[in-house]
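Trainee: Before anything else, here's the structure in question.
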Amino acid sequence: MELEEKNPDPKYGESRKFDPNFKGPIHNRGCTDILCCILFILALLGYFAVGILAWSQGDPRKVIYPTDSRGQFCGQAGTPLEKKRLLFYFNILKCASPLVLLEFQCPTTQLCVESCPDRHLTLVKAKLGNKEDREYYKQYCKDGVDFAKLSPPEILRDSLCPAMLMPSKPFTRRCLPALGTMKGGVVVVGNETSFSDGEGNNINATDVLEASKKSNVVVEARQVAMRIFEDYTQSWHWILLGLVIAMVVSLIFIVLLRFLAGVMVWVMIVLVILVIGYGIFHCFMEFRSLKGEPGADVTIRDLGLQTDFSVYLQIRQTWLAFMIILAIVEVIIIMLLIFLRKRILIAIALIKEASRAVGHVMSSLFYPLLTFALLAIVIAYWAITAVFLSTSNEQVYKVFNKTDCDYSRETCDPKTFNTSNVSAQCPDAECLFAFYGGETLYHKYLILFQFYNVFLFFWCANFVTALGQVTLSGAFASYYWAFKKPEDIPAYPIFASLGRALRYHTGSLAFGSLILSLVQVIRVFLEYLDHKLKGAQNKFAKFLLSCMKCCFWCLEKCIKFLNRNAYIMIAIYGKSFCPSARDAFFLLMRNIVRVAVLDKVTDFLLFLGKLLIVGIVGIFSFFFFSGRIKAVEEAAPSLNYYWVPILTLVVGSYLIAHGFFSVYAMCVDTLFLCFCEDLERNDGSSERPYFMSPELHEILSKTKRVEEDGNAVEVGQKAQCISVA
């Protein structure tokens, strides 16, 4: 049976004509999209300039060390404060001020100290007490305070010492009150419910609790980050071993797919169903085991946000949510498999052909390593530049006072403050470090530098991805258009394709990745607006923003699909980006049924393969790090959050599996486009033979029958509707 497409719609362009000289990717080609290539190079030079500027102005110590009221870093090596690692607040009660939430700085003097106070002591008691008390108290005062010459009112007036000390404990390098609770929920500080503040006032422990919460509004997130970092230091070698195992499993799976494609696809489908089914069973057993346990019936909403995420695993609602989510995923996969059962048989044949192509271009399996390395460089450069940009602000000092003052919260200079009019008009005012900022030209445009850093990150990352797609598609196109395989396949097809991409098509790759990056940056901006409008009451604005987010998400997916196929046409014909995108789109539209029957079903099967590898690694890592495997229980590291290495392994194994399976996905897409081109160019006769294998010819026959069956069903349904009417 002669298999030809129906007359294509003329609006999708003309079909390819027979060309006896066409033998695959064209070697005689020229540079494309030169203007965009120049623009990309200039953008990279600007990116390097921003990085150098950020590295010269930034100071990462600002996010590592706490800063005292004079802007000095506590505990910084090589400074007089090297041994004074902790930050001490003169009056922690002032941290309850709303100013903390505005400027993230308590309006009280802050001092670097070696250790936190461990007793309650007032300035008056220390002044009148023995020498030991005075020496102990002086370590929490500014340098040069003379207790013998100055009276307590003079010391407090000049803010040389705190009015009192209270028992404190170090928390994220800050001395915070040693709060506790007695029976009945009574809050205490050092076993005391109330105490004197040294100025004749009686302070309740609950007031100190509120101040401590406000002073810690920023550092709680840092504490969680420190615990996560500590978990990484304890488990990094196990994480590395797990990623190696994920790589080995992915490689074994790909090799087996090369020789046993049909069997492996069905094994993969069955295992995915079993793995998700086991996840449902495990969640149900955990849900049932918590029945009747104290506190297990607390809801997630009542629990609120907790820094110790293991608490959520102690309530039944968490496991119920996991079980429902996995059950929904299981049902969706099973339903898709049922409805796509005929198309799956056709897609398996296409995967077999892709396996043969990968077998002849084995170096393609290792190309993802180059992509990973380049993406790692891009991510590292972006992250380092972002840190230096965010820490390139200068120290800003402001006027803090106890009584009314016209200069309150204005910017000041601590070097000249004591001789200025402010100190004369407001005797109790102080010039204290407030936050990091700046008013220079550099600081005014700092937000633009951050935006440029984000934009170039997307552009470079998309360019690296595009380079990999063009390289792989060029190599697999060389395989397809080789009439005698493997004799006609060029030597080192990966290196030859990579050379052509970099030499001739850097501009086209930059053009395609630029379009995608613009959409991604807009999506980031919309997410930023959504975050800012969370507290707004304007329902229409929220609805409009949600619609825009949905539209740009769809647009990003469409552009990725068009870019991917445009890169394949660039690799084959060497044209510019726009003509290649147009040719690829028209070719797909002329074969739209085959796109639905073959290409997307194959992508779904490859996605199941990634899901299987992630599921296997995730389940074993969960049992290992949670200490549920008795044989290796002692080898498991002691962690604050055992979900940290588990999530890292799940994400890492998915990226590794995606890297290996992306080779297959690119191979399938390339063979599919070449396949459609082959059908239009040739008719299978001796003068115009197909370049496709007999197996691919059989795929086309099955696809044609599926199309005809679908049309017959549609005609029958229409006839039935007419007869009923």
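Note that Cβ sites are derived from N, Cα and C of the backbone, with glycine treated the same way.
Features from TrEMBL:
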TRANSMEM  34-55  transmembrane segment
TRANSMEM  236-256  transmembrane segment
TRANSMEM  263-281  transmembrane segment
TRANSMEM  319-340  transmembrane segment
TRANSMEM  361-384  transmembrane segment
TRANSMEM  456-483  transmembrane segment
TRANSMEM  604-627  transmembrane segment
TRANSMEM  639-666  transmembrane segment
Trainee: Which range wins on Cβ pairs under 8 Å with the transmembrane segment (604-627): 34-55, 236-256, 263-281, 456-483?
Mentor: 263-281
Trainee: For the transmembrane segment (263-281), which partner among 236-256, 319-340, 639-666 gives the most CB pairs under 8 Å?
Mentor: 319-340
Trainee: What parts of the chain pack near the transmembrane segment (456-483), using Cβ distances under 8 Å and only residues at least 6 beyond its ends?
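Mentor: Same-chain residues near the transmembrane segment (456-483) but 6 or more away: 22-25, 40, 43-44, 46-47, 357, 360-361, 364, 367-368, 370-371, 374-375, 378-379, 382, 489-490, 493-494, 496-498, 500-502, 505, 509-510, 512-514, 516-517, 520-521, 563-564, 567-568, 570-572, 662-663, 666-667, 669-671, 674-675, 678, 689, 691-692.
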Trainee: Can at least 3 Cβ pairs under 8 A be found between the transmembrane segment (361-384) and the transmembrane segment (319-340), with each pair 6 or more apart in sequence?
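Mentor: Answer no: the transmembrane segment (361-384) and the transmembrane segment (319-340) share fewer than 3 Cβ pairs below 8 Å.
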